[in-house]
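Taken straight from TrEMBL:
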- B:9-30: transmembrane segment (TRANSMEM)
- B:50-71: transmembrane segment (TRANSMEM)
- B:83-100: transmembrane segment (TRANSMEM)
- B:106-127: transmembrane segment (TRANSMEM)
- B:136-154: transmembrane segment (TRANSMEM)
- B:188-207: transmembrane segment (TRANSMEM)
- B:236-253: transmembrane segment (TRANSMEM)
- B:265-284: transmembrane segment (TRANSMEM)
- B:291-309: transmembrane segment (TRANSMEM)
- B:321-340: transmembrane segment (TRANSMEM)
Amino acid sequence: MRRLTKIAATSAVLALAFAGCSKQDDSSEGTDASASESTSETADSGASVCESADGDGPKVGLAYDVGGRGDQSFNDSAYAGLEKAVDEFDATCFEGEAADGEPESAREERLRGMADQGYNPIVGVGFAYSEAVNAVAPDYPDINFGVIDGFDPDDEANDNVAYLGFAENEGSYLVGAAAALKTQTDHIGFVGGVNSDLIKKFEAGYVAGAKAVNKDIKVDITYIEESDLAGFADPAGGKAAASAMYDKGADIVYHASGGSGAGVFEAATEAGDGMWAIGVDSDQYLTAPAEQQPHILTSMLKRVDVATYDMIKSIVDGKPVVSYVTYDLASDGVGYATSGGFVDDISGDLDGYADEIKGGLEVPVAP
Amino acid sequence: MMPKLVSGVLAPVMALLAAIVITSGVVVFVGASPVDFWEVMLSWPSNRNVLTVLNQASMIFLSGTAAAIGFRMNLFNIGVEGQYRVASYVAAVFAGGAFLPGALNIVASIVLAMLAGAAWAAIPAVLKVTRGVSEVISTIMLNAIAVFLTGYLLSNYGEKAADTRRTTPLEDSTMLGGFKLFEDKDGAVWTLSLLAVVVGFLFWFIINRTRFGFDLRATGMNESAAVASGVSVKRMVVTAMMLSGAVAGLIWLPNLFAETASGNYFSSSVFQSGLGFTGIAVALLGRNNPVGIALGSLLFAFLGVQSTQLEFAGVDVSNDVVLVTQGVIVLTIVIAYEVVGRWRAAADQRAVRAALDANANKQEVAA
């Protein structure tokens, strides 16, 4: 029995340790941020605006996805929108953050806690909040909820919930066109984090944009993971996928792989001059290390900050956003970044394509 | 002589105290107040959260029992995680398909889930008895394969919901209302949480009151003695492993069939992962005994649910710190049992010596 206990202990501890490892990537930055606030040892992500805001404007509740503030991408973009709203409307705010692998009940409890304290609107950052919002919203009819990338999981419509989606395919179309205009080898690549419908939307737009410029262009496509969400936090996998493409003759690689993109940038930098990568979600030129910056052609912008800000503004204006809203090119919900100035010479062409889309050109959502 | 009951209670109490001290240390280290922290953690939960604790505890209990069945005969089924994932997917697909009316559909889904869990657990069992593959290694690998497999099936055959995939939602007639202990708005104890009670009783009965249970324990304690008494070890390995997998198949069903607004289907955001590993820790904590596992499940569920209150109480620590508490409890309980076991052994020896001495004195007197 004693031996059994010991072996069992070791294996259980190992199992828990493994679980801990996978957690680290996702949540360490958020934890660091909260630690730095109290100890002031690192001034990396800085204090949240929510701790100092004391205006008499709206009370905004923001529920982050796994990763939280400080992820330099999705969640940070929502925070940027919040910061702007606090500035403009004298808002106060509260931030909650999801833990990896937490049950539905924990997400619901987070939203309920904010609702009980009178926060309005309450924005869930990420599609994982769709079900929790659907469960909580009917109990708080006077409070408006928003879910970034969200959807209504059942047939009963909620008249106090906004589902804030993006036309990622349209933004991807523009960076696809940029890649096709810039390539010297008529050969480009795409690295997706996880082979899901959402990421296929990026791929479809990118390929369509590239083919619009040059219908014979060769596009390599690789997904890091088939279904495991770890594909969004796997820089080594991103690097391997992108390096293979540069080796085979591609000179521009677009990634839609969240945190794995760091590996794609690394691969472009190591591949040398004339090799490019394209960022995603936020303007990744601005957060990349200096040696990688000369290789970041542009980034596809998904303006989570605009959606968050608009949601708050609609409450201030007394005309809350409800139901499905798609942030597309026409509403500046998606676009491309110009930092670094590498696409300045083709900006005329890109604006032309953008006008076509705004004029009604259908960009495919699936490859 | 130290009574068995005292030593049984002493070790968990020591472990809990150690966990409190070490967790407090971590809380101080990240710059928060341990007094505030424990005030939140040890406060009585709201009615809603009382129910959440019970619901979570029932799932953890099923998981702990699944692990304990294997542990009882020195089989380390680390694959509970993968087994219940596969089983949950199978049950969700079948139940969503609504091939049978109401209650029959539920019963058939439960049976299917058990079969699926047993089948997934049979793979490492057969590998072990025919090829001598360690079940620790093969079950861990099968966990990863289960994630891939369910993800692949979901993204290829799942129903599209916005940009994610899910199994077909259950029909209203296949959902179970549960037991509303408080007001309606507080939710309910899930009906199938009763599975935990049933499984707990059967586990106790089979292990302690049947020939099969005796063989199982005998194989675990002394394999050669078991062989000598006519037990086929190979058959025991396969049976115990499949039984473990069948119980694992039940873990997520209480949640799946509960009537909630937060999604009656299997999808990456609704499915609660990680329960398999929690179960291993709880089985260890409860010394593979149903009452112990039940108490351990309640404790772990309580800690998990209370941690969601931390961010609202303004305690500046991530709620991931609960993972530290849980991990420390598991580690210290092993040490505490060892220490208490030695005390007991020493006390027993003293008692025996005292008895012998007394006997010797008596004989001297008689002589």
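Any Cβ shown, glycine's included, is placed from N, Cα and C.
Using a Cβ-Cβ cut-off under 8 Å and counting only residues 6 or more beyond its ends in the same chain, the transmembrane segment (B:291-309) has close neighbours at 12, 40-43, 45, 49, 52-58, 60-61, 64-65, 68, 200, 278, 281-283, 285, 319, 321-322, 325-326, 329. Residues 59, 62-63, 65-67, 69-70, 72-73, 75, 77, 79-80, 83-84, 87-88, 91, 109-110, 113-122, 124-126, 128-129, 135, 192, 195, 199, 203, 212, 215-216, 219, 226, 271-272, 275-276, 279 of the same chain, all 6+ positions outside the transmembrane segment (B:236-253), place their C-beta atoms under 8 angstroms from a C-beta of that stretch.
If you look at the transmembrane segment (B:50-71), the same-chain residues 6 or more away from its ends with a CB under 8 A from one of its CBs are 77, 80, 83-84, 181-182, 186-190, 193, 195-196, 199-200, 203, 220, 240-241, 243-245, 247-248, 250-252, 254-255, 258, 272, 275-276, 278-280, 282-284, 286, 288-290, 293-294, 296-298, 300-302, 304-305.
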